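According to TrEMBL, the protein carries these features:
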type     : residues  : note
TRANSMEM : A:16-40   : transmembrane segment
TRANSMEM : A:46-68   : transmembrane segment
TRANSMEM : A:88-112  : transmembrane segment
TRANSMEM : A:118-139 : transmembrane segment
TRANSMEM : A:146-166 : transmembrane segment
TRANSMEM : A:194-212 : transmembrane segment
TRANSMEM : A:224-244 : transmembrane segment
TRANSMEM : A:273-298 : transmembrane segment
TRANSMEM : A:310-330 : transmembrane segment
TRANSMEM : A:336-358 : transmembrane segment
Amino acid sequence: MEINPKIKENLRIRAFYLFFIITSIQVGVGIMGAPMYIFTEAEQDSWLSIIIAFVYVLLVIFVMFRILEQYENADIFGIQVDIFGKWLGKILGTLYIIYFAAALLSVILTYIDVVKVFIFPEISSLIIGVLLISLIIYCIYGGLKVIIGVVFIFFFSAHWLLFLLYEPAIRMELDHFQPFFQASFPELLKGARATAYSFAGFEILLLIYPFIQNKESAKFPAYFGAFWSFGLLLIGTVISIGYFSAVQLKELEWAVLSLFKIVSLPFVERFDYIVVAEWMMVALPNMILLMWAITYGIKRMYKVPQTKTLFITSFILLILIAFMSNHNIIIRLTDLVAKVGFWVVYVYPFILFPIVLLKKRWQRKKESETR
Amino acid sequence: MRKNRRRRNTQTQSIFPIKIDKLEKLLKDKFEKNPDLIFSTFEIGGKNVCVFYLSYQVKTERLDNFLLKPLLNISDLSTPNILNEIPIGGGSTTDTFEEILEDLLIGNVFVYVEDEDKAVFYLIVRKESRDISKSENESVVLGPQIAFSESLITNLNVVRWSIRSTDLVLEKIMIGKRAKTEVRIIYMKSIVNDKHINTMRQRLQDLDLDKVDDSHVLSQLIEDSSSTIFPQYYLTELVDRFSYTVSQGRIGVLVENNPQAILAPSTIFSFLESTEDMYMRWNAGSFLRILRFIAMFISFILTPLYVAAVTYHYELIPPRELITIGQSRAIVPFPPIIEALFLEFLIELLREAGARLPSKVGQTIGIVGGVIIGQAVVQAGLTSSILIIVIAFSALASFTAPSYEMGTTVRVIRFPMILLAGMFGLIGIMYGLCFLVIHVLKLKSLGEPYLSPIYPFRWDDLNKVLFRPPYAYQDKRFLSLRPKDLFRFKKSEAVKKHDIDE
């Protein structure tokens with residue numbers, strides 16, 4: 001397995017798209033439910049927790065870039081094999097892929113759950129699953145360029161939803177935020193940790209980095225992408241806290257979606273239906289990127305054609321979707337993904353970084369000795 | 001140069017010198033049972049001379065006055081002498097039979113003096129064609145109304161006059177194995193991207209077919225994806241649109257006997273822009289263009305939305321409107337999806353019938369459509385009156401597309417969207433939209449992305465596509481086409497402002 005994969009020039013993407021990739025994969029289904037989880041931990045100071053989490057995310061991205069910069073054109077799979085050897089490296093890579101698969105499953109299941117709760121209580125999970133997965137397959141067949149096109153266009157076609165938040169925003173009760181700074185520091189950290197599921201996803205940077213054309217300008221889009229999703233989560237949470245009472249918010253599973261219930265225009269009475277349907281454009285890029293990460297990772301490590309992995313994974317996912325329609329199971333899966341994700345996404349790079357540095361230093365030393 | 005190329009291609013041996021009756025027999029064999037080959041033999045100054053041509057391919061009057069009359073007066077008959085004495089330009093000689101046959105077909109008159117080793121021929125072609133007329137299929141209010149005609153010569157003449165530049169290249173390619181058709185690739189050599197030219201040339205030359213039927217067929221033979229419903233090349237009959245597009249740095253292809261020119265590469269936005277946007281003032285032009293985008297969106301989203309809302313999501317509809325819809329739908333025995341499909345089908349029938357009917361009885365359609373759809377359908381309890389407005393709205397919107405093909409595409413897309421909406425409500429519509437976006441992202445036209453410049457994103461090109469700024473701000477050509485010469489003028493000079501009272 002090559003550590004630095006050679007990517008053809010026509011498959012490369014401009015660094016500026018990294019912004020959309022990072023934002024799209026971070027903002028998915030997580031943001032719909034995040035306010036409740038954060039609020040249970042940090043109460044009215046949730047916004048502080050989110051800021052702490054954002055700063056931490058920036059730090060993680062910084063470390064990721066430092067790791068990637070040690071190599072010429074490597075991704076996480078190559079780096080792991082380089083550091084831990086062929087066997088351990090591949091095992092770690094496989095674990096990474098399994099994490100992606102679990103995240104994908106949880107995203108699809110959560111979206112199906114939302115559709116069932118808000119629009120069609122009676123519909124079978126499998127039908128929506130087939131719809132979503134057929135779109136994923138169709139998109140991935142077009143290759144990375146089409147995937148990023150979808151990410152790019154859906155980014156713009158979903159952001160109009162923000163304007164709808166105007167209505168709940170003007171109904172906010174500002175005393176819901178007072179008194180300030182009530183949460184203790186551990187509570188704030190716990191609140192920050194509750195954002196793990198919503199903020200996760202930017203680890204795709206470790207996979208997509210070799211595809212970037214102008215790597216020297218890749219940093220700003222990545223940081224800015226993280227900032228954008230931070231902004232969205234902050235807006236969603238702050239409006240939720242201001243709009244709902246504390247008691248209500250602790251019980252409200254999809255607070256951000258519930259915000260849209262109040263929105264009403266002369267020609268559309270209730271917007272939450274449209275928002276849930278429109279959320280497909282938010283969730284789909286997420287699913288597509290995760291699926292791409294799975295198929296590409298397996299191709300990198302085991303040289304299995306991406307089409308094969310795509311169909312096998314889709315098939316397995318469909319079976320799982322058919323059986324895991326219970327709400328509690330979905331919640332447990334999401335919790336599990338959030339927990340594992342915390343270690344994989346937020347902690348692991350800090351472990352990897354010193355090892356990479358040590359190894360590189362040792363290599364350099366060896367080179368100079370032989371010379 | 002033309003002759004050199006021919007020499008290389010035809011490896012057949014010269015049939016000359018030959019006796020005249022033998023030549024006549026050879027030709028008559030080829031034109032078996034065809035009475036149109038005129039083969040006349042004269043004896044002039046002791047030498048046998050034959051003149052042969054296809055009667056209706058040749059201008060008889062010219063033939064008589066400028067070829068036969070002078071020919072009879074030539075004293076010493078030989079090939080160089082004939083070329084010298086006949087007062088018609090462009091005479092050439094040939095010695096192969098294949099070339100004679102080929103050239104006979106396009107209106108050449110051959111003169112052969114017995115026992116000479118070459119035959120002389122002159123182009124005295126008679127080609128009947130319609131006069132150039134006003135464009136009927138793509139109508140515009142402002143700007144030149146002239147449209148291409150079926151005659152390639154006329155079309156080339158018109159194009160030359162509209163782009164009077166030596167930069168303009170009209171490259172000739174012959175296509176067809178059994179019956180050849182002349183095709184011209186037209187571009188500005190100082191602007192166009194060579195990659196596009198090479199791709200287009202390659203695709204045309206690689207075609208292996210008997211005969212080119214039509215430029216629509218040709219455009220489908222050279223397109224990138226044949227499974228899609230979206231047209232990938234804009235076909236226009238408007239000369240101003242053609243010259244505008246070519247001078248932008250794109251390629252035009254003119255096909256013999258066809259009034260429609262192929263424009264490539266085209267993006268989805270090419271199909272929604274009209275030359276009128278340029279002729280209008282910039283603000284009105286931008287308005288019209290944006291109006292068209294909205295119209296396209298409405299035309300395939302409105303009916304599905306109605307079906308979805310009335311079938312599954314009554315909550316979307318404001319209460320007062322809900323009462324009206326409820327009352328109006330109370331007498332309709334079908335589910336909304338049947339109702340909508342029925343009415344859409346009716347509209348499509350009307351449109352199709354309108355296109356097929358001779359224009360004399362065309363007004364019947366108006367009466368049938370107006371009376372039946374407007375009144376009877378509702379009274380008969382087949383559909384609700386709200387749906388009629390919805391359907392009329394979306395049908396009208398689909399006709400705003402400047403390209404008839406794009407309009408048709410949008411109307412066809414509506415049917416699967418209605419089905420999806422009937423099955424899965426808003427989720428179905430969203431599924432359809434997502435599918436369309438992914439589909440359009442995958443399309444290419446002559447190797448260029450179909451959604452360009454939205455994706456791959458080019459900020460500089462948006463002002464030519466999404467709206468139209470004043471001309472001072474359109475200083476660049478399409479960046480996404482990678483033309484040889486990007487800048488049209490210096491923007492800083494164009495937008496320079498004078499200070500007060502200078």
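Going from the start of the chain as shown, residues are counted 1 onward.
Backbone N, Cα and C define each Cβ position, glycine as well.
Long-range contacts of the transmembrane segment (A:88-112) within its own chain (CB-CB distance under 8 A, at least 6 residues past either end) are made by residues 1, 28-29, 32-33, 76-77, 80-82, 125, 128-129, 132-133, 200-201, 279-280, 283, 286-287, 290-291, 293-294, 297-298, 300-301, 313, 317, 320-321, 324-325, 330, 333-334, 336-337, 340-341, 344. When each of A:46-68, A:194-212, A:336-358 is scored by its Cβ pairs under 8 Å to the transmembrane segment (A:16-40), the top-ranked stretch turns out to be A:194-212. Sequence-distant contacts of the transmembrane segment (A:118-139) (same chain, at least 6 residues past either end, Cβ-Cβ under 8 Å): 108-109, 111-112, 146-147, 150, 254, 257, 272-273, 276-277, 280, 284, 287-288, 291, 310-311, 314, 317-318, 321-322, 324-325. By the Cβ criterion (distance under 8 Å, sequence gap of 6 or more), the transmembrane segment (A:310-330) is counted as touching the transmembrane segment (A:273-298), at least 3 such pairs being found. The largest share of C-beta pairs under 8 angstroms with the transmembrane segment (A:194-212) comes from A:336-358, of the ranges A:146-166, A:224-244, A:273-298, A:336-358. Among A:46-68, A:146-166, A:224-244, A:336-358, A:146-166 has the largest number of CB pairs under 8 A with the transmembrane segment (A:273-298). Counting only same-chain residues 6+ beyond the ends of the transmembrane segment (A:224-244), those with a CB under 8 A from a CB of the stretch are 18-23, 26-27, 31, 34-35, 38-39, 44, 46-47, 50-51, 53-54, 57-58, 61, 162, 165, 168-169, 171-174, 176-177, 195, 198-199, 202, 252, 255-256, 258-259.
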